[in-house]
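These features come from Swiss-Prot:
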type     : residues : note
ACT_SITE : D746     : active site, proton acceptor
DISULFID : C62-C184 : disulfide bond
DISULFID : C97-C107 : disulfide bond
DOMAIN   : 20-202   : domain 'Eph LBD'
DOMAIN   : 324-434  : domain 'Fibronectin type-III 1'
DOMAIN   : 435-530  : domain 'Fibronectin type-III 2'
DOMAIN   : 621-884  : domain 'Protein kinase'
DOMAIN   : 913-977  : domain 'SAM'
TOPO_DOM : 19-543   : topological domain 'Extracellular'
TRANSMEM : 544-564  : transmembrane segment
Amino acid sequence: MAVRRLGAALLLLPLLAAVEETLMDSTTATAELGWMVHPPSGWEEVSGYDENMNTIRTYQVCNVFESSQNNWLRTKFIRRRGAHRIHVEMKFSVRDCSSIPSVPGSCKETFNLYYYEADFDLATKTFPNWMENPWVKVDTIAADESFSQVDLGGRVMKINTEVRSFGPVSRNGFYLAFQDYGGCMSLIAVRVFYRKCPRIIQNGAIFQETLSGAESTSLVAARGSCIANAEEVDVPIKLYCNGDGEWLVPIGRCMCKAGFEAVENGTVCRGCPSGTFKANQGDEACTHCPINSRTTSEGATNCVCRNGYYRADLDPLDMPCTTIPSAPQAVISSVNETSLMLEWTPPRDSGGREDLVYNIICKSCGSGRGACTRCGDNVQYAPRQLGLTEPRIYISDLLAHTQYTFEIQAVNGVTDQSPFSPQFASVNITTNQAAPSAVSIMHQVSRTVDSITLSWSQPDQPNGVILDYELQYYEKELSEYNATAIKSPTNTVTVQGLKAGAIYVFQVRARTVAGYGRYSGKMYFQTMTEAEYQTSIKEKLPLIVGSSAAGLVFLIAVVVIAIVCNRRGFERADSEYTDKLQHYTSGHMTPGMKIYIDPFTYEDPNEAVREFAKEIDISCVKIEQVIGAGEFGEVCSGHLKLPGKREIFVAIKTLKSGYTEKQRRDFLSEASIMGQFDHPNVIHLEGVVTKSTPVMIITEFMENGSLDSFLRQNDGQFTVIQLVGMLRGIAAGMKYLADMNYVHRDLAARNILVNSNLVCKVSDFGLSRFLEDDTSDPTYTSALGGKIPIRWTAPEAIQYRKFTSASDVWSYGIVMWEVMSYGERPYWDMTNQDVINAIEQDYRLPPPMDCPSALHQLMLDCWQKDRNHRPKFGQIVNTLDKMIRNPNSLKAMAPLSSGINLPLLDRTIPDYTSFNTVDEWLEAIKMGQYKESFANAGFTSFDVVSQMMMEDILRVGVTLAGHQKKILNSIQVMRAQMNQIQSVEV
């Protein structure tokens with residue numbers, strides 16, 4: 001409590017002496033004062049001397065020998081000049097009554113002080129009345145010292161000084177009155193004044209003069225304003241002015257802004273001198289710039305790094321600027337077949353930092369054309385490819401007999417700040433002979449009671465010419481030690497002598513001159529049971545007998561037909577258990593992976609619908625509103641409530657009335673396709689309604705609709721990482737489809753749907769059929785009679801109708817471009833024929849605005865003319881995952897110095913001089929929706945538009961960040977074009 005009371009007392013200590021403003025001072029009079037006296041025999045004006053023996057006008061009275069004295073002295077009208085409390089300083093002398101011989105008992109040594117308020121000078125000889133009311137008594141004034149006869153003889157002056165105050169006063173002015181009632185005294189001097197708190201700089205703020213309050217205990221709050229180059233902290237700045245004109249109780253404070261330091265006892269905030277800086281607000285002094293940095297002017301908040309030196313985003317401002325490291329040294333490589341060990345020593349110069357790491361760039365130079373391309377994602381790095389902290393790495397899964405160039409980059413925290421590529425050391429190696437990689441997928445072609453025919457794909461990395469394959473198999477109930485091995489020169493084999501109805505485990509491996517590769521993952525297939533075999537024979541027997549009755553001439557044809565029918569019957573009679581097992585893999589393949597079955601291969605397409613799509617009762621479906629129109633009918637939104645499950649929001653495609661059987665079959669074929677897929681990035685089929693009208697396909701509902709329109713509506717609203725996340729989802733969905741041997745053929749942003757969580761899902765499987773052979777224009781016409789999407793389609797698919805997963809990869813590259821450009825039309829307003837011609841001449845789309853170079857490089861990889869050189873969807877997913885894990889890789893913006901060295905289509909901003917009006921210019925840059933806004937704001941000429949800044953663009957009403965950036969970039973180009981024209985004229 002004692003400490004708290006001491007703190008409160010310190011707050012009340014005055015900060016600076018009060019300022020006194022004099023309203024009246026009798027000592028300054030050079031002539032008679034002329035104050036009113038009553039009665040005339042009382043107070044008398046005489047000349048006298050002050051303590052310094054200066055001549056002054058005084059009043060005296062000494063009627064001590066007469067009783068009942070009531071002598072009044074009234075000043076002239078005194079204007080208060082805004083004061084609320086008045087102070088009166090009186091200097092006077094009083095005769096000691098005891099020193100006066102024979103003085104009566106009525107002798108006094110005191111007098112009274114009064115005041116009277118008025119708005120103007122209205123006093124007369126009789127008004128106000130000479131009495132206490134209407135006069136207001138201030139106090140009775142007594143002398144501290146009085147003089148006697150002895151003092152008079154010795155000419156000793158004993159002057160008393162007393163100060164009294166009164167208030168509040170509110171009229172324009174007042175009078176003072178002095179009442180003597182029987183004393184012998186002299187009123188030597190009277191000074192009337194008021195007090196105010198002085199102008200002061202306290203706690204970094206300026207407080208102007210403030211009048212004191214009306215009472216002695218009053219506290220008048222005054223707001224301060226920060227001194228130049230200071231700003232408020234804590235609470236609003238206040239000081240309190242007390243009744244005596246003293247500042248008390250400081251609250252809050254101002255501090256010097258960043259770039260300024262407090263000097264002259266905190267009364268001035270001075271800009272940091274050249275060569276110093278201050279990053280934050282406060283009263284501390286500026287500090288000298290760290291090494292390799294400087295300031296360009298006074299008042300710096302940070303020091304700018306010198307040329308060639310940089311500061312990382314997280315580096316403190318007082319840390320020296322650093323530079324990029326030099327290249328690693330003494331690289332040692334050790335090749336072992338298709339693997340490689342690299343070791344090196346650290347750079348000679350680390351750039352002055354301790355966060356040195358290494359990146360490995362792998363380039364394959366095996367094409368023989370002198371150009372190297374980046375290695376695919378199949379190459380493995382241990383411990384990792386980027387961000388190595390140790391000077392060594394193990395690289396495996398390289399291609400055999402291939403030349404590689406490895407760049408070992410030295411990077412640190414400021415490498416991204418430098419406009420130059422990282423310093424690196426490179427090493428060239430050639431891999432040796434190696435065995436092939438594992439076979440990735442195997443599927444059943446046919447089966448009987450004692451045989452199974454299998455087929456598989458070639459290894460992803462054959463590493464040479466495949467000589468033959470070795471198939472190993474054994475019964476599931478037995479161990480691997482009981483396996484039997486057979487060889488096949490091709491990738492198809494029929495295994496004979498199996499048990500009826502038994503489940504077998506199969507594995508296959510490839511052989512080159514380098515030896516056998518690894519076995520594939522285990523695959524499970526089951527032979528037919530005797531009952532299944534007999535059933536299939538009975539189903540086909542009438543066909544065989546009927547055909548033989550046609551005669552011996554057709555016997556050979558009948559036998560062939562019977563064999564074919566039996567074979568297809570065997571394939572169709574697979575048990576449910578086999579249907580599940582034949583698609584199951586372990587090891588290399590993803591568990592649960594299935595192979596896509598084209599529903600058009602079914603003799604009865606309705607059978608495909610029954611097999612792959614779930615029939616839903618119409619009573620479970622509730623259509624709510626139409627949201628669009630499709631090729632076969634309307635697209636609606638609604639709800640689906642299945643028994644025992646919660647109600648969900650769904651999209652419903654309906655088949656319009658009056659349909660033909662072919663239209664019904666084509667409509668339901670999409671459900672037969674979708675029903676085979678189960679992946680979070682592929683649109684999910686809930687089921688179909690075929691037993692009532694209208695026929696419906698019911699899918700999950702995607703709240704944000706198609707990706708292209710969604711991006712256009714949200715132009716510039718997403719971060720690069722969010723866009724990469726969308727691309728990663730699309731790639732994951734396409735990887736799943738490719739692994740099922742499904743080719744989409746119409747991959748485009750318009751066929752990607754987006755839900756409320758920004759999850760992108762592949763949809764629209766209407767073009768996923770082979771082109772008809774009898775089409776009149778195979779370059780442009782599809783099996784469904786619609787146009788091939790030229791802008792999204794790979795050149796080999798346009799020219800030869802060769803659709804593969806590799807052609808889907810090309811389309812995916814176009815989707816990447818659509819996403820990064822926020823739904824801009826690929827190839828802009830070029831005609832389809834111009835697009836085909838440009839692609840044939842190896843022209844490719846340029847990077848969209850603000851597109852990271854790594855993403856544009858991936859687009860260019862997808863647009864390789866040779867489809868075998870394009871990445872697979874699995875590699876694309878891995879690449880995007882690495883970008884998401886390392887966002888710094890997305891900081892470098894295109895243009896990119898690519899190893900592919902493909903020419904890019906020029907989509908520069910047009911020269912403004914080719915347009916007659918601002919409206920035409922806005923249309924040309926695809927911003928025509930703002931024509932009216934520009935006109936209303938007065939931006940109707942190119943001279944005015946060229947001066948627009950970001951605040952002007954906002955004022956016009958352009959709120960989308962992408963549109964703001966596009967217009968601002970176009971204006972900057974316009975300025976450059978204007979400057980160029982002016983320089984030519986000069």
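Every residue, even glycine, has its Cβ placed from backbone N, Cα and C.
This view paints the features noted in Swiss-Prot onto the structure.
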residue : record                       : Cβ neighbours (10 Å)
C62     : disulfide bond               : 15
C97     : disulfide bond               : 19
C107    : disulfide bond               : 20
C184    : disulfide bond               : 24
D746    : active site, proton acceptor : 21
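DSSP assigns C107 (disulfide bond) to coil, not to a helix or a strand. Look at the domain 'SAM' (913-977): DSSP puts its residues at 46 helix, 0 strand, 19 coil. Per DSSP, the secondary structure of the domain 'Fibronectin type-III 1' (324-434) breaks down as 3 helix, 50 strand, 58 coil. Secondary structure at the residue listed as 'active site, proton acceptor', taken from DSSP and collapsed to helix, strand or coil, is coil. Secondary structure from DSSP puts C184 (disulfide bond) in a beta strand. Using DSSP to sort the residues of the domain 'Fibronectin type-III 2' (435-530) gives these counts of helix, strand and coil: 4 helix, 44 strand, 48 coil.
If you measure from the Cα atom of C62 (disulfide bond) to that of C107 (disulfide bond), you get 9 Å. Between the CA atoms of C184 (disulfide bond) and C107 (disulfide bond) there is a gap of 8 Å, rounded to the nearest whole number. Taking the domain 'Fibronectin type-III 1' (324-434) as a whole, pLDDT averages 87 in the prediction.
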